[in-house]
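For reference, TrEMBL has these:
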type     : residues : note
TRANSMEM : 12-29    : transmembrane segment
DOMAIN   : 17-135   : domain 'MgtC/SapB/SrpB/YhiD N-terminal'
TRANSMEM : 41-61    : transmembrane segment
TRANSMEM : 67-84    : transmembrane segment
TRANSMEM : 105-134  : transmembrane segment
């Protein structure tokens, strides 16, 4: 009967509570941005990683790294579950890597590296919050879009090509489809947000472009 209740230290409870706090801080940021993994997910990831690490140090005295190493494998499967493809865009990679990073922070806490864990959570929050604005700035000046333009003749196609290049785009023809009535061309254009807006407005007024889609 005595073996049913193993002794625990107050320190272990404090470590678990700290891991919950770390998961809470990261989860609030993800929840605020309405991501697929939110508050509860990150709290549980951090808590679970911390608890597994504590257990690996207590019950795996001869080889404590074996149990802890399996945390990484399990987190890999969990992270893969939040990655999905929609149209031509892959989403969820940042959330998956944040889950992975949160697990490492939980392991830090479980192993007793408190200061290192809080430096880590500060860096994670800085990367997620502050670098989002930098990424938006970069995307605004380097935006890639696919346009499908329908023209009636080769001359009209050459006109649209000249128009696109005159607006400063980096342009690549992805595909062309001919039929008896028209020529459909898919362009991949790289430019800033203002260039794309100006192009859409120009295409709307251009009579040599029968139809366009982007």
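Placed from the backbone N, Cα and C atoms, the Cβ positions cover glycine too.
Beyond its flanks by at least six residues, the transmembrane segment (41-61) meets 12, 15-16, 18-20, 22-24, 26-27, 30, 67-68, 70-71, 75, 78, 98-99, 102-107, 109-111 of its own chain at Cβ-Cβ distances under 8 Å. The average per-residue pLDDT of the prediction over the domain 'MgtC/SapB/SrpB/YhiD N-terminal' (17-135) is 85, rounded to a whole number. Under DSSP, the residues of the domain 'MgtC/SapB/SrpB/YhiD N-terminal' (17-135) split into helix, strand and coil as follows: 93 helix, 6 strand, 20 coil.
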